[in-house]
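Here's what Swiss-Prot has on this protein:
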type	residues	note
BINDING	Cys59, His80, Cys186	Zn(2+) 1 binding site
BINDING	60-64, 211-216, Asp235, Lys240, 281-283, 304-306, 329-331, Arg381	NAD(+) binding site
BINDING	Cys110, Cys113, Cys116, Cys124	Zn(2+) 2 binding site
Amino acid sequence: MFAEIQIQDKDRMGTAGKVIKCKAAVLWEQKQPFSIEEIEVAPPKTKEVRIKILATGICRTDDHVIKGTMVSKFPVIVGHEATGIVESIGEGVTTVKPGDKVIPLFLPQCRECNACRNPDGNLCIRSDITGRGVLADGTTRFTCKGKPVHHFMNTSTFTEYTVVDESSVAKIDDAAPPEKVCLIGCGFSTGYGAAVKTGKVKPGSTCVVFGLGGVGLSVIMGCKSAGASRIIGIDLNKDKFEKAMAVGATECISPKDSTKPISEVLSEMTGNNVGYTFEVIGHLETMIDALASCHMNYGTSVVVGVPPSAKMLTYDPMLLFTGRTWKGCVFGGLKSRDDVPKLVTEFLAKKFDLDQLITHVLPFKKISEGFELLNSGQSIRTVLTF
């Protein structure tokens, strides 16, 4: 309510069409800490939307930019998992209006390109997978100290205000709590969708999830929702087992507990009946382990974790020749503008519990503390509020 009143007040002051000054966490270069700066956010141009951010999650992908393992131009405002309210719209915008509660989408859905028109596709041609760091017209809406600041993954949510393309925003139910449903903007949807959309887990099946971070836990929740009868969680850190069991895992194991290959351990545990495996770590070795662990003839293995850049994978092609299916997905294979509002509605109907994934809620000014929690392994998801 407070944020909505604030939007109304700003409308009365006539911010639409004008530059807004606000606080943002700017990364001036890689491997350097965030700097909380006053930035200028330009008005939205044609088919663009300016959003007041209410809450934003800290995701491992953001940390990849800091560490230099993900391509980005600098300076940049990262962050891509958020909830906000539309402050103003550019010419030609028809799907949202000022005052609407929305989720910015790092994976756009233009509904016109081949991927958007294909029922099985979701990697929209407007996706910024190469780290261009600008909007559709090739420019940025952010300025700091007289210098242009780049966008990140079409979203840039570590700021009080951002500007996105209309194809990168989904209107959601106004009753949705922003500090919870922001996770639907990335982490939860990526894992949940990997199970229900990409993997197409069948009722009564056995699933194995490699990696029990926030996305891995979301995969477990998706497997449970799809009706899997057995869900095995795998992680080197046994401290993660309790939470995995709480969200739906039927058992958890650590590879360190056996000298046998993990695929052999799983075969013995299940009577050689693993239907689905999910690699949610991003390590080449575990991608192959996950593939080898599903049934050699009818098993499906899904790569969910972001693989390291500039690395090549070597594997025995017989793993596929016998009939296994090996798949990957971005955003769980979901069509962002279509599926995000549906997931918010399902959350409000208590189909799944996002509280299980949120371990910390901090004010935006403590963003660096949030990343310390991430890198020390103390958090699953930290949400920053404005």
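Even glycines carry a Cβ here, placed using N, Cα and C.
Apart from Cys59, His80, Cys186, the residues listed for Zn(2+) 1, the same chain places the Cβ atoms of Gly57, Thr61, Asp62, Gly79, Glu81, Phe106, Met153, Thr155, Gly185, Gly187 within 8 Å of the centroid of those Cβ atoms.
Here the candidates are the binding-site residues Asp63, His80, Cys186, Val215, Lys240, and by Cα distance the one nearest Cys116 (Zn(2+) 2 binding site) turns out to be Cys186.
Here the binding-site residues are His80, His283, and the one with the most other Cβ atoms within 10 Å of its Cβ is His80. Of all the binding-site residues in the record (His80, Cys110, Cys113, Cys124, Cys186), the one with the smallest CA separation from Leu212 (NAD(+) binding site) is Cys186. Put simply, Phe331 (NAD(+) binding site) is 13 Å from Cys59 (Zn(2+) 1 binding site) when counted between their Cα atoms. Take the binding-site residues Cys116, Val215, Val306: by the count of other Cβ atoms within 10 Å of each Cβ, the lowest one is Val306.
According to DSSP, Phe331 (NAD(+) binding site) sits within a helical segment.
For Lys240 (NAD(+) binding site), the nearest neighbour among the binding-site residues His80, Cys113, Cys124, Cys186, judged by Cα separation, is Cys186. A sphere of 10 angstroms centred on the C-beta of Arg60 (NAD(+) binding site) encloses 17 other C-beta atoms.
Less than 8 angstroms from the CB of Cys113 (Zn(2+) 2 binding site) sit Cys124, Ile125, Arg126, each of them six or more residues away in the same chain.
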